[in-house]
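The block underneath contains the structure these notes are about, expressed in structure tokens.
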Amino acid sequence: MAERAALEELVRLQGERVRGLKQQKASAEQIEEEVAKLLKLKAQLGPDEGKQKFVLKTPKETLTGKYGEDSKLIYDLKDQGGELLSLRYDLTVPFARYLAMNKLTNIKRYHIAKVYRRDNPAMTRGRYREFYQCDFDIAGQFDPMIPDAECLKIMCEILSSLQIGDFLVKVNDRRILDGMFAICGVPDSKFRTICSSVDKLDKVSWEEVKNEMVGEKGLTPEVADHIGDYVQQHGGVSLVEQLLQDPKLSQNKQALEGLEDLKLLFEYLTLFGIADKISFDLSLARGLDYYTGVIYEAVLLQTPVQPGEEPLGVGSVAAGGRYDGLVGMFDPKGRKVPCVGLSIGVERIFSIVEQRLEALEEKVRTTETQVLVASAQKRLLEERLKLVSELWDAGIKAELLYKKNPKLLNQLQYCEEAGIPLVAIIGEQELKDGVIKLRSVASREEVDVRREDLVEEIKRRTSPALCIC
């Protein structure tokens, strides 16, 4: 063993020498000579008997075993060599693999990309088999609950700024769930599958969930009832404090750690000014197997039908949580990198925005163009091109119709259909007077603006604070 260790050290030193020569851009002959020495040392070392090699390849990621019962939604494929591949199910597992492959231990990032689910599409609810997700993650070793609180703050900021209606963010902790299952008498081997059953409580009644636990998953009715006593509770920090006094739950180490962290989390959320948007919900389970701590999910709320009724959730639009063990599953030495993050369902958001605009009989604006450069008479293409160029150079989002002599009515109709708020109209008289006629598409009001003042006037009218188009 000592002889092998000495040889491994020589291999390491020779490898460093080769890398150093490459960085110094040494001659090819010198590098080849040192590489030959390295290969000779490796040959003396021989194969690693009994030692399993773990090689990460970019397209061949291991997805199964990380999504629980949702693994059935993964699209499995095979390449031409017969090797099993899968379409990307989410952005979290690829992110963890990236950290492991590049030996990163500290990063904050966002990522927008497509993912794929072999699911039953529901177009009106923004549920597709191919769709975009927007993820935000913080990786690194930090003090408890500070990054978690920031993720929840970001989630609330996004949903508030989109103005898609009232929402509620449910939070729970996987350690509390596992501790709860343990004291209720659920066998360790059934924790994850029972978790998946509990996670359905936002869609079906407790009786249906209980029947699944007993009839399909083999729990006794007594154990299921005990679980029901817990998972039907929800509230704020007062519920956390109540459960910290629970004679059974507080004696479970995992549950106690989770409850203490949630109490700290609520302190930070109060400081961030979003505690009123957060609900501690013991039925929130998140079916994905890689979560290890705090989990959360944002749902839109439906206005109560009767005064005094609780608002009803009309669908999840964002979710996330802590996954401290996922990077270690990809690292050859099992080195862990604590991570926490969130995911926004982009198409789900779009679907809700479109529905709300339709209900208000408002058109969906399909362009960011601020102004269309139009002409009132024929043979003014050159003047239109000059003006649109001036506006582009000034940072104005402008366009024009790709016709030499478009009719004014057609140009105005195009603005109405595309949602362009302003029209800069050039005419022979305007050219003589040194002005541009600026028309508001919404009000149809027109004013003459001196050409040198046009940029500022367009900026003033289209600034978010004013928006007086």
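Just so it is clear, glycine is given a Cβ too, placed from its N, Cα and C backbone atoms.
Copied over from TrEMBL, here are the features:
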- 3-59: domain 'WHEP-TRS' (DOMAIN)
- ASP90, LEU91, THR92, ARG117, GLN133, ASP137, ARG286, TYR290, TYR291: L-histidine binding site (BINDING)
- 350-377: coiled coil (COILED)
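Under a cutoff of 8 A between CB atoms, and with a sequence separation of 6+ in the same chain, the neighbours of GLN133 (L-histidine binding site) are ASP90, LEU91, ILE112, ALA113, LYS114, VAL115, SER343, ILE344, GLY345, VAL346. The maximal spread of the L-histidine binding site, taken as the longest Cα to Cα distance among ASP90, LEU91, THR92, ARG117, GLN133, ASP137, ARG286, TYR290, TYR291, is 21 Å.
Under a cutoff of 8 A between CB atoms, and with a sequence separation of 6+ in the same chain, the neighbours of TYR291 (L-histidine binding site) are ARG174, GLY321, ARG322, TYR323.
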